[in-house]
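The region 'Disordered' annotation in TrEMBL covers 21-48. Summarising the annotation, TrEMBL assigns domain 'Flagellar assembly protein FliH/Type III secretion system HrpE' to 111-236.
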Amino acid sequence: MSKVIKASKVTGEYKINQKPKTLSFKDNDSQGDSNLTNNKKVKKQQQVIGKAEQEAEEIIKNAEAEAKKIIENAKKEKEDILANKDQIYNEIKSDAKAEGLENAEAEIDRLKKELASLISGFEEEFSREKDRIRTDIIELAVKIASIVIDVKLETEHEMINNIISDMLSKIDDNHRDIVVRVNPQLLPYIEENRFYEHINQKNIEFVSDPELKKGDCIVETSLGGKEGSLEHKLDQIKTELLKEVEQHD
């Protein structure tokens with residue numbers, strides 16, 4: 001089939017032009033009609049050729065019909081595309097817009113989340129920074145108080161009596177054999193008679209302790225002891241101040 005189509009000439013869109021197909025045989029029999037055997041051969045050959053030509057024509061017709069069908073389908077598809085190009089374009093454009101809008105909305109959502117996270121981060125950082133500043137301020141105030149007390153104790157030695165009085169006020173009547181430890185430099189400034197009056201003549205002794213700073217005071221009794229170091233008292237003050245700040249947030 002392919003050889004027949006290839007050997008043919010295509011004209012126009014799909015028409016195949018066929019040349020007349022003839023075969024000639026040279027009769028070498030010098031005796032003419034007398035040679036019946038040769039005549040039969042020729043006739044048979046002609047029949048075969050005729051049948052072959054008929055089959056070739058059918059193949060060509062089928063090829064022409066198939067080519068016509070393909071071309072018509074291609075034309076129809078082309079015409080459909082041309083006819084619907086505006087609709088197709090609008091659909092594609094609409095899809096593109098929809099996709100673009102979807103991407104825009106997704107980008108907006110992403111930016112919203114990013115902004116919310118950023119704001120939340122700022123708020124958390126601000127809260128942490130605020131707490132840190134408050135803590136720093138309180139610690140600074142406590143340090144200043146410590147320095148002020150140290151300076152005052154250098155010139156106003158009798159301040160140790162206020163510290164001792166505060167410590168003894170926390171001891172109830174069940175305590176006996178009270179020992180008050182202070183820095184050796186402040187021992188001479190203790191007003192012992194003042195404390196004797198407030199503890200109802202209980203056994204009380206004031207001793208020096210070189211391990212203690214000037215603002216420190218340790219009270220020991222038969223039931224235990226209480227630490228009154230300046231550092232400890234300032235830490236307590238700092239803790240109370242921080243609690244008060246947290247309660248007012």
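Using N, Cα and C of the backbone, Cβ positions are placed for all residues, glycine too.
Bear in mind that the values here come from a model prediction, so they are computed numbers and not experimental data.
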Overall pLDDT of the domain 'Flagellar assembly protein FliH/Type III secretion system HrpE' (111-236), taken as the mean: 77
Helix, strand and coil residues within the domain 'Flagellar assembly protein FliH/Type III secretion system HrpE' (111-236) as assigned by DSSP: 75 helix, 19 strand, 32 coil
